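Trainee: Heads up, here are the entries from TrEMBL:
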DOMAIN    35-121  domain 'Pyrroline-5-carboxylate reductase catalytic N-terminal'
REGION    1-26  region 'Disordered'
TRANSMEM  214-233  transmembrane segment
TRANSMEM  259-286  transmembrane segment
TRANSMEM  306-327  transmembrane segment
Amino acid sequence: MPDEMARPLIRGRGGGGGGSRHLEASVSEPGAPVIGILGTGDFSRSLARRLVASGYQVVVGSRAPKRSGALFPEEAEVTSQMEAANQADLVFVAVFPEHHSTLVELKPALAGKTLVDVSNGLQIKLDGPSHAEQLADLFPESFVVKGFNTISAWTLQMGPRDGSRQVFLCSDSHKAKSSVMQLCRRMGFVPVDMGLLSSSLEIENLPLYLFPSWRIPILCTLLLFIFFYLYNFTRDILQPYIKSGKSVFYKMPIETVNVTLPSVALVMLALVYLPGLFAAFLQLWWGTKYNRFPNWLDRWLTGRKQFGLCSFLCAVLHAIYSLCLPLRKSAHFKLLNAAFKQVKAGTGGRVG
Ligand SMILES: NC(=O)C1=CN([C@@H]2O[C@H](COP(=O)(O)OP(=O)(O)OC[C@H]3O[C@@H](n4cnc5c(N)ncnc54)[C@H](OP(=O)(O)O)[C@@H]3O)[C@@H](O)[C@H]2O)C=CC1
Ligand SMILES: [Fe+3]
């Protein structure tokens, strides 16, 4: 990582270019609470800039402050980890969780202070202590708040935009959580209270789920496509070939795909409406609207938008293919016509 460390995510004032104008414009307000950041990696650098831009005094704790100092804005002080822990009122722990234990010597300096754990896991963990809970065990005299792990260094750098403004927070200390929520708002993010620190595992897993609601609809679309494609291939290409030796394999990439797409689109559309019918049937069967649907039906109902969009995509592809086919046929016809005219005129020249 040292090479990456040498390359600032956004350039300092002397570096020219890059960076958001908002960040360049603000200066830390004197008398604002001192925010400490342990670690000088990508996240730390972006966070420091955003905090400075929001009017906070920032002190960054590094194992090698001399090396890292140049990567931070002038307003942020880069010093030793111990010095930063002593000076700060609230401390962001921006080091990877496997290195949390190297910070234990800061325990006395961090006692009674709020620690924000921003770490993410590398894989989804379904049980066991979260990184935040492990940090709380390491620093029992501090108040650990989990949060900011769903915000990327890039988002911090560019400023909150729609879609990634929410910061999920949880802590066993109401006071510590409130102070982080306030800080969050001042930085332009929207804090979402997720309750006690026991929710931290859920928050840590959040960034690891990539488009979770799309997985099943996409899988369904692919399976249906394979099924209908094989059916059409057998019916339109394989069967004539075996029966009468007629070779129409050229139809495979375009015509067979084109007859497959509407079938997939229609079945996917049916899958949008089907769970609604199941739900209505269950409600009639139970005689009430207020029972919980079984999990599978619940997930299906909430995934209807994705099923619908997959169906729409197939229909659009079918429309595009259908428009392209006559163009291809007319080009073919023109070529044949030209050849015929030349033969008729007895020129015998090359065509095409
Ligand atoms: N990058 C991102 O977009 C996001 C990162 N996060 C979380 O933020 C945390 C930091 O991530 P990121 O900044 O990308 O990581 P980097 O690897 O870029 O930085 C980690 C920093 O940790 C410090 N550190 C302290 N002790 C040790 C040690 N024993 N060994 C190695 N490094 C140590 C180092 O600073 P120094 O050498 O100065 O002490 C180093 O710069 C992680 O927990 C990550 O999950 C969360 C959301 C997004
Ligand atoms: Fe059609």
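Counting begins at 1 with the first residue displayed.
Positions of Cβ are set from backbone N, Cα and C atoms, glycine also.
A TrEMBL annotation is a machine prediction, not a hand-curated record.
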Trainee: Determine which residues of the chain contact the transmembrane segment (259-286) at the Cβ level, with the cut-off under 8 Å and only residues 6 or more beyond its ends counted.
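Mentor: The answer is 217, 220-221, 224-225, 228-229, 232, 236, 293, 297, 300-301, 304, 307-308, 310-312, 314-315, 317-318, 321.
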Trainee: Write out how many residues of the domain 'Pyrroline-5-carboxylate reductase catalytic N-terminal' (35-121) are helix, how many strand and how many coil, based on DSSP.
Mentor: 40 helix, 22 strand, 25 coil
